Amino acid sequence: MDFSSITVLCIGDIMLDRFVYGEMERISPEAPVPVLRLGRTREMPGGVGNVANNILSLGGRAILVGLVGRDTPGQALRGLLGQRPGLTDALVETGARPTICKTRFIAANQQVVRADEESRLALQPDEATSLIAAIDAHIGAADIVVLSDYAKGTCADPVIAHAIATARARGIAVFVDPKSRDFARYRGASCITPNARELAQATGLPIDTDAEIEQAARAAMARADAVAILATRSEKGMALVEREGGVQIVPARAREVFDVSGAGDTVIAALALAAGSGMTLAQAMHVANAAAGVVVGKLGTATADIAEVLAELNAQDADAMGGTPSLLSRAQAAEQVARWKAQGLRVGFTNGCFDIIHPGHVALLAAARRACDRLIVALNDDASVARLKGPERPVNPLEDRARVMAAIRHVDAVVAFGEDTPLELIRLLLPDVLVKGADYRPDQVVGADVVRQAGGRVVLADLEDGKSTTRTIGRIRAAGAADR
């Protein structure tokens with residue numbers, strides 16, 4: 001996954017998130033409350049600022065539109081934002097309200113209390129005019145738009161309506177993280193991402209089962225004239241309902257949750273980037289689910305980077321397979337490939353006997369892995385090897401060959417086939433990249449036409465001279481004869 005070419009216009013309520021860490025060791029003599037002995041303080045952008053931070057951490061670029069006060073927290077916020085390469089500060093300063101500041105007091109890795117500094121003043125006409133001007137000035141550079149509504153005033157009706165209408169006129173998708181119960185305010189959005197509670201409040205419908213989630217999402221979708229609703233469901237994962245199609249569920253992976261602060265920001269950031277890169281919403285949902293899984297395991301308003309998201313996707317794959325077996329069945333391999341493709345990953349395929357692993361094999365596997373995001377290796381089973389190589393082969397049985405192959409870092413999955421060629425397996429899996437050694441001509445590669453017809457490609461990898469299993473066996477036999 002590479003999001004470096006994607007720019008997201010982030011519009012919404014920005015705030016300064018302040019975390020004050022301390023220790024609670026006694027009860028106050030003045031009242032029955034704990035005494036917090038203060039230690040270090042950490043500050044970071046929150047609200048739509050955290051959305052932008054997540055976009056940057058995932059490798060994208062962000063343009064940030066919101067309101068800040070002419071005050072010390074506002075200066076601190078802009079100072080933090082100025083330290084982030086890839087971020088364009090399009091914030092509007094106002095003297096009518098303070099910068100929103102949320103201070104969380106933390107002891108023993110738990111929030112003790114939160115103190116909020118904010119104004120309940122409605123958005124003023126001059127503030128709305130300035131925000132709309134900032135949107136108009138920067139939307140031409142955006143590939144996707146995110147509206148992050150924390151119900152703090154920035155996402156007033158005129159701002160929302162203008163942002164969505166302007167984006168739609170340019171063919172730019174708009175993703176909305178809602179706070180309002182009136183989803184009609186987000187009319188025309190491409191995708192709205194409520195949590196389950198927000199979806200229930202917006203529709204007045206139950207959301208306990210998958211069927212109820214779908215019914216509520218369709219009701220919300222109709223009110224907002226939206227293309228899709230993606231509902232986050234905490235430990236139940238996520239549910240995507242699109243205007244055309246049924247409900248799609250991705251489960252959450254069991255983990256220890258330290259802090260859910262800002263998890264919704266991570267979801268919409270990852271979702272928008274993935275969709276902006278060309279993934280379907282279903283594929284983007286898998287990426288967003290993995291990113292959220294990373295940040296809830298961290299304390300405070302956190303972000304996830306690409307390496308963490310890929311590792312989480314791998315862990316989810318392993319969970320779905322019930323562990324990490326050395327050798328997958330054909331059905332398991334097909335399921336695994338489908339999951340990888342749903343995540344927008346390019347799946348590579350190579351095959352062979354791989355009887356005695358040598359440096360030439362490793363070089364081939366490394367080249368194959370460089371050509372894709374996930375590599376599946378198909379091994380000839382023992383009977384197939386014997387037909388191809390003779391009755392004395394294989395030297396190592398399939399189970400041993402699979403264990404060795406699965407332990408090689410370039411390999412993501414191993415499957416076996418019993419036919420003389422892997423053609424039927426290739427038809428089943430439909431890899432994006434088919435890799436063979438450069439000793440083959442393109443017209444000699446089994447399955448090349450199948451892969452190309454499906455939009456994939458064939459890669460011929462260079463081989464290392466003088467490296468082969470047959471030669472290795474010959475040297476072993478010669479050495480054994482010399483010892484006798």
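Glycine too: its Cβ is placed from the backbone N, Cα and C atoms.
Marked as active site by Swiss-Prot on the basis of sequence analysis: ASP265. Of all Cβ atoms in the protein chains displayed, 31 besides its own lie within 10 Å of the Cβ of ASP265 (active site).
The ATP binding site annotation in Swiss-Prot covers ASN195, ALA196, ARG197, GLU198. Listed in sequence order, the same-chain residues six or more apart from ARG197 (ATP binding site) with CB atoms under 8 A from its CB number zero; the list is none. DSSP classifies ARG197 (ATP binding site) as helix under the three-state reduction.
Marked as region 'Ribokinase' by Swiss-Prot: 1-320.
Residues or ranges marked as region 'Cytidylyltransferase' in Swiss-Prot: 349-484.
Each residue contributes its Cα atom, and for ASP265 (active site) and ALA196 (ATP binding site) those atoms are 15 Å apart. Highlighted in sequence order, PRO194, LEU199, ALA200, GLN201, ILE207, ALA231, THR232, ARG233 have their Cβ within 8 Å of the centre of the Cβ atoms of ASN195, ALA196, ARG197, GLU198, the residues recorded for ATP, and are not part of that set.
Here the Cβ of ASN195 (ATP binding site) has 20 other Cβ atoms within 10 Å, regardless of which shown protein chain they belong to. Its own atom aside, the Cβ of GLU198 (ATP binding site) has 22 Cβ atoms within 10 angstroms in the protein chains shown. Residue environment of ALA196 (ATP binding site) contains 19 other Cβ atoms, counted within 10 Å of its Cβ in all protein chains. Reduced to three states, the DSSP call for ASP265 (active site) is helix.
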